[in-house]
Structures are given as structure tokens and as C-alpha cells.
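Below is one structure; the comments refer to it alone.
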């Protein structure tokens, strides 16, 4: 029981640490509203479910052991973050085209791809979760429970953050403010993309 409580505490701390997900959720919620933020979160959680499954069936271990496969996944993920960053930097803010932009933007895919093609998440699942697995209860079953718990906490924290952003969104509706948010988000996404690309 104490082991599980420690897992819950560490998971909350880890999920709170800012990363690309927070940038995407912040940008999408402030620009397009609460629904866009939650679609991004659903994409993120779907990717985490995939990583949990990959860890259980051994695909994540294969990814970590293969330098070529690891690099391919890493460069796809980094390239996508850089693409989103450049898109955010170059997009001109126009409130009259807001609805059209929202229709064309696949927020779910943004959350899904940025996490699915981040091999560091696979490494994280392989190194973090096993520390709390009780072999006496069935290793893979317990691993799955921990993975679902991690995903649930992620959804709750990101969801609360999105609801908070939606409450203050009206303060950021000016075109000039939205432009500043887009430029800032673009720069940070570029940073995360380059950081992932240069990581080992």
C-alpha cells in the first residue's frame, strides 16, 4: 500500500512538471477554447495508453535496445514538434478566421503524435513503473494498473488545468495577445523539438 501511495505522489509531481503537453494545451485552449484543450488531452492519454501496452508486450524494450529504431522514432517526434513550433510562429492571428482554423486543426492528433513518437516516454515507462511493480501480484497485471493510474492522474491534472484556462480565456482574446501566445508557444515547441532531436 505504501508503495502505491509513493507512486501516486511521484506521479502527481512528474505530471505537474511543464513539458510540450502543457504548451499545446495552453495554446489550444486559449486560442480555440475548452473543447480544443480536451481533445489535445485525449490524444495525449491515448499515446500514454499505447506506451503502457508497448511496455507490457515488450515493444518498448525493443525500441530502447535498437539504436536505429530509437533514432527513427526520436526524429519523427522531434520533427513534429518543430513543425508545430514553426506553424505557431508563422500563423497570422485573425479572429474572423477562428472558426475555420478550429475546424482544420486536429487537436487530438497533436496530443497523440507528440507523445507517441517521443521515445523518452517509452524509456520512462520502462524505468519508472517497474520500481513499483509487486511481482507477487502478477507483474504484467500490476504494470497495467500502474499505467492506467498514471494516465488517469494525467487526465485529471491536465483537465483541471484546461478548465482553469477556459475560465480566464476572455482575458486573452485580443489579436495582439493571441499573437504573443502563438509566438511564445512556437518558440518553446521549437526548443523542445530541438532538445529531443539532440538527446541521446
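Backbone N, Cα and C atoms are what each Cβ position is placed from, and that goes for glycine too.
TrEMBL annotations:
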TRANSMEM  6-25  transmembrane segment
TRANSMEM  37-61  transmembrane segment
TRANSMEM  67-86  transmembrane segment
TRANSMEM  107-128  transmembrane segment
TRANSMEM  140-168  transmembrane segment
TRANSMEM  180-198  transmembrane segment
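180-198 is the stretch from 6-25, 37-61, 107-128, 140-168, 180-198 with the greatest number of Cβ pairs below 8 Å to the transmembrane segment (67-86). The transmembrane segment (140-168) shares the most Cβ pairs under 8 Å with 6-25, out of the stretches 6-25, 107-128, 180-198.
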